[in-house]
Amino acid sequence: EEIQRETAYPDGKVEKVLKNGCHLVFFPNGTWKKVGSDGKTVTITFFNGDVKQVMPDQTVIYYYADAKTTHTTYSDGLEVLHFSNGQIEKHYPDGKKEITFPDQTIKNLFTDGQEESIFPDGTIVRVQRDGSKTIQFNNGQRELHTSQFKRREYPDGTVKTVYMNGQQETKYVSGRVRVKDRDGNIIMDTKL
């Protein structure tokens, strides 16, 4: 682009105004700034390779050269980070976070302390604030983990519970209940 005007300042800064209306400012440390002809688009290229762009809608895109990470902040407060390994994080204005891992697992962190992970195979794990966990498997089975027990619910209605003391209880759809002690010995079986 043709230079319309060039100004050198005592501090070593040099400003160039181009005929298309862009302003370029070069700093002694190697950083330079470009203000677009619209006066709203600003790109700053730092001496360390980082790049900050401010768009007309006030979206800010910051690229961290060393980490190869891009951090975009939108005018509505949404922040999106793209990491070099393919991980993407979204930080919402209300405090919720959504992380998409390279294997496409999605983890949601809610402001009330709950978490939800959705795995590529369709398995969903939800963790409550008290630490209890619900796992919904893609085969229709469901598991509940609490501080007192782990329970697996099968699509046919069978429910197997393992208590912290090791005791196991299986309830079948037929109404049959089988209880085993921690060593696997049957202590009760109501065969109907």
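Keep in mind that glycine also has a Cβ here, set from the backbone N, Cα and C atoms.
Heads up, TrEMBL stuff is auto-annotated, nobody curated it.
These come from TrEMBL:
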- 4-34: domain 'Centromere protein J C-terminal' (DOMAIN)
- 76-103: domain 'Centromere protein J C-terminal' (DOMAIN)
- 111-145: domain 'Centromere protein J C-terminal' (DOMAIN)
- 149-179: domain 'Centromere protein J C-terminal' (DOMAIN)
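Taken residue by residue, the domain 'Centromere protein J C-terminal' (4-34) breaks down under DSSP into 0 helix, 17 strand, 14 coil. For the domain 'Centromere protein J C-terminal' (76-103), the DSSP counts in helix, strand and coil order read 0 helix, 12 strand, 16 coil. Confidence over the domain 'Centromere protein J C-terminal' (149-179), given as mean pLDDT on the 0 to 100 scale, stands at 95.
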